[in-house]
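Chemist: Structure provided below as structure tokens; questions to follow.
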Amino acid sequence: MVGRSIDISWSFDIFIAYKYIISLMMFGHLGELPLSAASMATSFAYVTGFSVLLGMASALETVCGQSYGAEKYNMVGIHTQRAMVLLMLISIPISVIWSYTETILVTLGQDHDIAAGAALYARFMIPSLFSYSLLQCLIRFFQTQNIVIPMMLTSGVTTLCRILICWLLVFKFALGIKGAALANTISYWINCLLLALYVKFSSSCSRTWTSSFSKASFLGIPALLRLAIPSAVMVCLEMWSFEMIVLLSGLLPNPALETSVLSISLNTTSLVWVVPEGFSGAVSTRVSNELGAGNPEAARLAVYIVLCMTVSESIVVGLILLLIRNVWGYAYSSEVEVVRYLASMMPLLAITNFVDGLTCVLSGTARGCGWQKIGAYINLGSFYLVGLPVAILLAFFMHIGGKGLWLWILCAITLQAISFLAITMKTNWEEEAKKATERVFESKVPKEMVF
């Protein structure tokens, strides 16, 4: 069981964690304004679009994982198809919002030049919404079945393609910010197509994917929505806080510097976050599978094993961040001021990485059990009722600047980790296994509805 968890952890969402780092590294060498505009657009895209789609797709970790554990294999594909239809529909109004990016950002008080560049980036990213929707559903489809090799290979191939495409469009064809946005879009579709081809032609998916969409895929959307909405709220409340610090940095003195440094800080945490987020996917899969199979003790054991692994990994990564703090900024920018500011932020990033590692595993446990509604309340209290007032006080009244905004994140994830840990330690795993069984059989559809 432990070996299977490790395999899943290293394959989960690798491409998603790195997708913008490449673009921002290239932009950093074009100047401060392009980097700030791309950073602002990335944050806006996450807050208004990608976080919603990611959150709704994560509901599949509960329903697909528990269905697979209960050996109701056809339901894994049906749940995935429902989510695909739902997320594609949700992408339409998000596209409209992205069309008005400049107006929205200027209304929120952002710099006009940065807002104009961000709007251009967002418009060329609109097609990626639909590929992102399909991709997130496919990732959960594979993850909950412990099929890891296709995700690893397609992530690697897509990342290599992305580097080449981004370089060609940004520098060779001099498309600048438009080129980076198009590179994002193209790479999403490549990744999605590769996974779809595997589903179509691989025998390992024959039990879980029907030959075509079924009536149940459409009729069951309202039922999925009841779990997808709190799941989206849970994920969005957390992801929004990370991206909002970039948006709020535009209101600080010297917004170009603050936005650049905080965006690089976010991308640095994303770079090291890939492993604990992989552990999150591992524990979510193990917990949901074992609960669906009626093995509560195995689910409990998986949680504590992955927690121990995360603590060890976070300590090592934190030490590395401290060792490279004075040179890391040059990977993103040639501006000395940016590099020095980032070096002063690195100790905070190291501490954040450690606490966030614990939170990732505990959040994965919540998704595996179906605690999304509880998670939404925890994230609301941690990030907004407590964390946001701290950020406003430190950044705008005590004039600590970007570091004050980052302390919001550190304060919030600490409270979040404590809350999730308390709930996990008090969990009645036998009762959770019964709930999983009930959820699986409630979602079961008659065979005649599948064609």
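Backbone N, Cα and C atoms are what each Cβ position is placed from, and that goes for glycine too.
TrEMBL: automatically predicted annotations, no manual curation.
This is the feature table in TrEMBL:
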- 12-31: transmembrane segment (TRANSMEM)
- 43-64: transmembrane segment (TRANSMEM)
- 85-108: transmembrane segment (TRANSMEM)
- 114-135: transmembrane segment (TRANSMEM)
- 147-170: transmembrane segment (TRANSMEM)
- 176-198: transmembrane segment (TRANSMEM)
- 301-324: transmembrane segment (TRANSMEM)
- 344-364: transmembrane segment (TRANSMEM)
- 376-399: transmembrane segment (TRANSMEM)
- 405-425: transmembrane segment (TRANSMEM)
Chemist: Take the C-beta pairs under 8 A between the transmembrane segment (405-425) and each of 43-64, 85-108, 147-170, 176-198, 344-364. Which stretch has the highest count?
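Modeler: If we count Cβ pairs closer than 8 Å to the transmembrane segment (405-425), 344-364 scores highest.
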Chemist: So, do the transmembrane segment (114-135) and the transmembrane segment (147-170) meet, by the test of 3 or more Cβ pairs under 8 Å (sequence gap 6 or more)?
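Modeler: Result for the transmembrane segment (114-135) with the transmembrane segment (147-170) is no.
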Chemist: Using a Cβ-Cβ cut-off of under 8 Å, list the residues of the same chain that are 6+ residues beyond the ends of the transmembrane segment (376-399) and lie near it.
Modeler: 230, 233-234, 237-238, 240-241, 245, 248, 251-252, 405, 407-409, 411-413, 415-416, 419-420
